[in-house]
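**Student:** Here it is, the structure, as C-alpha cells.
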Amino acid sequence: MDPIKLMNSSNQFYNEPPQLEALSFYPWQILLILIYSLTAFISLGSNALTILILLRSEQVSTELWKFLLNLSISDITMALFCIPFTYTNYMLGRWIFPRFLCPIIPFFQVTAVSVSIWTLTIIGIDRFFAIIYPFRSMLWLKRHKVITIYGIWLFGALIASPQLFYSRIESFNYRGQQYDDCREQFSYNVGLLYTIFLFLFTFFLPIIALIFVYSRICLHLINNTTVPGNPDQNRDKYCVNKKIKVIKMLVTIVVLFAMCWFPIHLFQLLVWFYPSIQKQKTTFSYYVYVGSYFLCHWLAMAHSFVNPFVYCFMSGNFRQSLGKTLSHCWPRLFNMNNQNYTTSTTLEPNPQINNNNNNDNHQQQQRFHL
C-alpha cells in the first residue's frame, strides 16, 4: 500500500501463510483498534481545535497562523487516511474497502505525510529568517506565504503521484477463498529507489534543514544575551528565561520529529535492503516482527497529534485564546481569567517589569515568536 505500510503479510512472510490476519489473537486486535482509534480521535480533536482557535483568535501570531493552519489540515488528513486504512488492511491481511479506493488512499496518505513534514520544515526556515534576518524576510513572506503553501501541496502530490499508477488491487487465494489486497506493483529495483527517495525527501532532508536552522537560531539567542535599553536586572533575567524556553522548544521539535519518523523509515529500508527478514520461521519472531512494524507505524501516526501540542498549546497566547473560546462555549465550566496564561514561548515584554525600553526594543523582542 503506501510507503508507511509494511507489505501485506498474506504472501510475503511465507510461501503458504499460516494465518491471514497479522494478529490472530483477538484481544491483541482489540487492543490495536483501541490504540489507533484513540490516536485518530486525539489527532482529529486537537487539530480541529487548533484550526478553530487560529481562525477565531486575534492574539495568535499573524506571522505563523497560515503555516500552522496548513499543518493542522495536513495532520487531519493523515488521521483520516493514514491511520484507519493502513492498520486495518495490514491487521486483517486483506483489502476490505471499495476497489476504486486502492490507488486513491495511498496517494492521499503520502501527500498528507509530505505536506505535514515540509510544513514543519518551512516553519523552521521561516523562523530562521524572521529571527536572523528579520527586515529582509518580512516583505517576502507577506507576498509569498500563500504561494509557499500551495507549493508544499503540489510538491507532496508529486511525491505521491506514483501511487496513482502503481497501487492496484491484486486477488489471492487463502484456504480456498479469494481475497483482495491493495499492493504497490513495483519491481524490486523501482520499489527500492522509491523507498530511498521517500526517505530522503520526507525525513533526511527535512531533519537536516531543521537541525541547521534551529541550531543557528539557538546560537543567535545564546550570543545575543544583552537587551537594548537601560540595564535592568529583572528584565534581563526575564528575557534570558524566555530564550531558554525557546531553545528547549526547538530541541523538542527536532527530537520528537526524529523519534516519530526515523523508526518507520528505518524499518522500510531494512525490509527492502534485506527482504529475508520478512520470512519469519518461528511464531515468536513473527510476532516480534509484526509488533515492531505496528510500533514504528504508530509512532509516525502519533506525530499528527504531537504537532498541535508543540506548536500551539505550548504558546501562552494560544492557551489564552483557548481559554476564552472554552469559556465562551461553556461559561460555567471554564470561567477563566486571561491573566492565568502568561507562560509563553514568545520573547515579549513582561508587563510586570519596569518598561525602560522604547517601541523598537519591543519589536525586536517580538521577533523571537515561535
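These residue numbers are counts, starting from 1, taken along the chain as shown.
Just so you know, glycine gets a Cβ as well, placed from its N, Cα and C.
Quantities reported herein were computed from a predicted structural model and do not represent experimental measurements.
Pulled the feature table from TrEMBL, pasting it below:
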- 30-55: transmembrane segment (TRANSMEM)
- 46-311: domain 'G-protein coupled receptors family 1 profile' (DOMAIN)
- 67-87: transmembrane segment (TRANSMEM)
- 107-135: transmembrane segment (TRANSMEM)
- 147-166: transmembrane segment (TRANSMEM)
- 186-214: transmembrane segment (TRANSMEM)
- 250-274: transmembrane segment (TRANSMEM)
- 286-314: transmembrane segment (TRANSMEM)
- 345-370: region 'Disordered' (REGION)
- 350-370: compositional bias 'Low complexity' (COMPBIAS)
**Student:** Taking a Cβ cut-off under 8 Å, which residues six or more beyond the ends of the transmembrane segment (30-55) line up next to it in the same chain?
**Tutor:** 23, 65, 68-69, 72-73, 75-76, 78-80, 83-84, 87, 91, 294, 298, 301-302, 304-305, 307-309, 312-313, 318, 321-322, 325
**Student:** So are the transmembrane segment (286-314) and the transmembrane segment (147-166) touching or not, going by 3+ C-beta pairs under 8 A with a sequence gap of 6 or more?
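**Tutor:** Touching, no - the transmembrane segment (286-314) and the transmembrane segment (147-166) miss the threshold of 3 or more Cβ pairs under 8 Å.
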**Student:** On the 0 to 100 pLDDT scale, where does the domain 'G-protein coupled receptors family 1 profile' (46-311) sit on average?
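**Tutor:** Looking only at the domain 'G-protein coupled receptors family 1 profile' (46-311), pLDDT averages out to 87.
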**Student:** Who are the long-range neighbours of the transmembrane segment (186-214) in its own chain, taking Cβ under 8 Å and residues 6 or more past its ends?
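**Tutor:** The answer is 3, 110, 113-114, 117-118, 120-121, 124-125, 127-128, 159, 162, 166, 250-251, 253-254, 257-258, 261-262, 265, 268-269, 272-273.
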